[in-house]
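A.B. asks: Marked as compositional bias 'Basic and acidic residues' by Swiss-Prot: 281-294, 307-319. Taken from Swiss-Prot, the feature region 'Disordered' covers 277-335. According to Swiss-Prot, the feature transmembrane segment maps to 46-66, 127-147, 191-211, 232-252, an assignment based on sequence analysis.
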Amino acid sequence: MNSNEFLLDSGFWGFLYKILTPVEWLQTWIMKIVHDFFVMLGVSPIGVSWVLAIIILVLVVQACIFPLFYKQMKSMRKMQALAPKMQRIQNKYKGKTDQASREAMSRETMKLYQDNDVNPAGSCLPMLIQGPVFMSMFYTLSAIPYIANGKRDALGAFDVATAKQFTQTDVFGIVSVTDNFTSAAASGKAVIGIFVFLMCFCLWFMQYFSMKRNMAAASMNKQTETMQKAMLWLFPVMYIFSGVAMPFAVLVYWLTNNVCNLCRTLWQVYAFPTPGSPAAADKEKRDHRNENARRAKAGLPSLEEEALAKAKEEAERKATQGYQRQQPVRKRKKK
């Protein structure tokens, strides 16, 4: 931050962030509008208002991608339902490596997707959107100190005056939004450490909860379990090293985003569990109870009573027919 040149504006990163300029521009204006709104309500312009602006920005981004996430969940549910049919197609062409067989397998697979309105790439879209948004946020918050001291041109709503106001913001009077772990005072280091820990915990718990509650027993072999356990600890550890290098403003964004992702994962496992997982078994019981409650409210028989009535009816039918199996009528071919 003390360099006269903003390194993210040069080389490959400069080219990449130049492409993301529209996203960066939009982010600055959302933050500025939210900040001005809180100031209008009486919040200090150089205090918590900028922190709230960052948090609201995360919520706006999450609200924008939620419809895509919901569509992703529905697509994944369809993909899971198609798994047996996919397995049959793969078994049909198992061991066939010639070009014609591969093309035929690809055609049958695509037809299966089209007939069931499934897009296999749809599950990647929310992640593809969140990546550039986070990169743009990191760039914007890192560039603000350079805008404030005149070492960089204005970016969107952040001119020199606005950038200076932003850099004067601190949290609890302890840590500036532009501080990172190495530049902060001892008390600031403690606050940053707490934020990094919470970030790591949110990520760890999100993965742990998904692994324990949303993994089908049939898909869990020793290799998969080993890989899942490695990822459970690998990414939180990576967060530690990257988190201490980030400006505190980025940590606010990152922690808020992780909390939102954790809440979304909890809802996903509750509403769209993986078939065969413990969460799916709980959902089946829950749906069963809810259906019986709905039937009771409408004065209808419960699922158990309905099944018992059908079984009794079938038994009476068999008794009447003397357990004789009705032979199918053979159709004559037309000449």
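In case you wondered, yes, glycine gets a Cβ from its N, Cα and C as well.
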A.B. asks: By DSSP, how many residues in the compositional bias 'Basic and acidic residues' (281-294) are helix, how many strand, and how many coil?
C.D. replies: 14 helix, 0 strand, 0 coil
A.B. asks: Can you say which of 46-66, 127-147, 191-211 has the most Cβ pairs under 8 Å with the transmembrane segment (232-252)?
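C.D. replies: Out of the listed stretches, 191-211 contacts the transmembrane segment (232-252) most.
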A.B. asks: So how many of the residues in the compositional bias 'Basic and acidic residues' (307-319) end up helix, strand or coil by DSSP?
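C.D. replies: Result for the compositional bias 'Basic and acidic residues' (307-319), in helix, strand, coil order: 13 helix, 0 strand, 0 coil.
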